[in-house]
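This report refers to the structure that appears directly beneath it.
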Amino acid sequence: MGNYRIAVLPGDGIGKEVTSGAVEVLKAVGIRFGHEFTFEYGLIGGAAIDEAGTPLPEETVRLCRESDAVLLGAVGGPKWDDNPPHLRPEKGLLAIRKQLDLYANLRPVVCYDSLVSRSPLKPDLVQGVDFVIVRELTGGIYFGQPSAVVENGEEKAVDTLLYKKEEIERIVRMAFELARGRRKKVTSVDKANVLSSSRLWREVAEEVANEFPDVTLEHMLVDMRMQLIRAPKQFDVIVTENMFGDILSDEASMLSGSLGMLPSASLSASGPSLYEPVHGSAPDIAGMNKANPIAAILSAAMMLRLSFGLTAEAGGRARVWQALALGSGSRLGQRRPHLSTNEMVEEIKAAVLDYTAIAQIMTVYA
């Protein structure tokens, strides 16, 4: 039995719909397992710009800091594309990462058997793919000091890529700890043949590796992104800096066959962590009850496990959605194109509340 306070930041586009679905399933988990979840809502992204004049209001930061975890929908949309840089929705996401010290982003990449046919790659390449990308979130070029100047009539722009040793050390150590519970292999991705920051990254990775003699470390240049397509099953845990991780994780997300199935977690060293689906705001289908809620629901499942330590609840729920969304042929917008967001959520809620269904599902998927 537990009481947990969750800050919900729907954001833009389909963010409201998918977070609403995740909240409904969390309520079902609370009923089924005897937990109490309190949900409080805040603004971020374009919605915050429209209502509060800033992509991240102070009220939202305060709400998040006072909560046990944060559930985010999505930010962005063409409506704000012409805004000045400080009034872009994405600035809200960068700011909340910094404010909460969300230093590590975990993106599981799994291709389930039922989704193999949806992948753009050949089945023999993606069947059995199961790795995690660990991306550093609070350092690097996204948080450097950019500047734009005009000298002698010529426009110039500068972005600074800066990493401290301790920033690298803590993210690499997390990757090794994660790998120790998996297949015991870490692939560190850098650009050490060109960048000084990457040479430091590689040196620190070697130092941390000495603490984990049971885990294998390999280095790859970021040029290795072709390996994600050529031989994705070789990877277990990939760890990399902010910008490289941004690019690699988006590319890797397509291996699964559906962007709408992938969750992510952004972990804090000392405060609440944030959970969000990998997909974007999809403004073209916003409000149409067509959005796939599974990535948001799985993100909430990661919250149960990583922030609250509710392993049984998270694991059981993951099996519920797998059985419904994959095994029974209920994949939203794929096998049953007329299955709405709300219908998918209701199916998963019903299975969570039905003890018999959970027992059967866990037997099949254990």
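Think of each number as a place in line: the chain as shown, counted from 1.
Just so it is clear, glycine is given a Cβ too, placed from its N, Cα and C backbone atoms.
According to Swiss-Prot, the feature NAD(+) binding site maps to 77-90, 280-292. Within its own chain, Ala282 (NAD(+) binding site) has Gly13, Ile14, Ala74, Ala291 as residues 6 or more apart in sequence whose C-beta sits under 8 angstroms from its own.
According to DSSP, Arg107 (substrate binding site) is assigned to a strand segment. Long-range neighbours of Arg107 (substrate binding site) (same chain, six or more residues apart, CB within less than 8 Å of its CB): Val132, Ile133, Arg135, Ser249, Ala252, Ser253, Leu262, Ser264, Val278. Annotation source Swiss-Prot lists substrate binding site at Arg97, Arg107, Arg135, Asp223.
Sequence annotations record features per position, and here Swiss-Prot assigns site 'Important for catalysis' to Tyr142 (among others) based on similarity to another entry. Tyr142 (site 'Important for catalysis') falls within a helix when secondary structure is assigned with DSSP. The Cβ of Tyr142 (site 'Important for catalysis') lies under 8 Å from the Cβ of Leu94, Asn242, Met243, Asp246, each of these being in the same chain and 6 or more residues away along the sequence.
A sphere of 10 angstroms centred on the C-beta of Lys191 (site 'Important for catalysis') encloses 19 other C-beta atoms. Annotation comment: Swiss-Prot describes Lys191 (among others) as site 'Important for catalysis'.
What Swiss-Prot records for Asp223, Asp246, Asp250 is Mg(2+) binding site. Classification of Asp223 (substrate binding site) by DSSP places it within a helix. Around Asp223 (substrate binding site), no same-chain residue at least 6 positions away in sequence has a Cβ under 8 Å from its Cβ.
Compared over the binding-site residues Arg97, Arg135, Lys290, the count of CB atoms lying within 10 A of a residue's CB peaks at Arg135.
Counting every protein chain shown, the Cβ of Asp81 (NAD(+) binding site) has 9 other Cβ atoms within 10 Å. Non-local neighbourhood of Gly77 (NAD(+) binding site): Asp12, Gly13, Gly46, Pro89, Ser281, Pro283, each in the same chain, at least six residues away, with C-beta under 8 Å from its C-beta. Looking at Asp246, Asp250, the binding-site residues in this record, the fewest other C-beta atoms within 10 angstroms of the C-beta turn up around Asp250. Highest local Cβ density among the binding-site residues Pro85, Pro89 belongs to Pro89, counted as other Cβ atoms within 10 Å over all protein chains shown. According to DSSP, Asp246 (Mg(2+) binding site) is assigned to a helical segment.
The Cβ of Ala286 (NAD(+) binding site) lies under 8 Å from the Cβ of Asp12, Gly13, Ile14, Lys16, Glu17, each on the same chain and at least six residues away in sequence.
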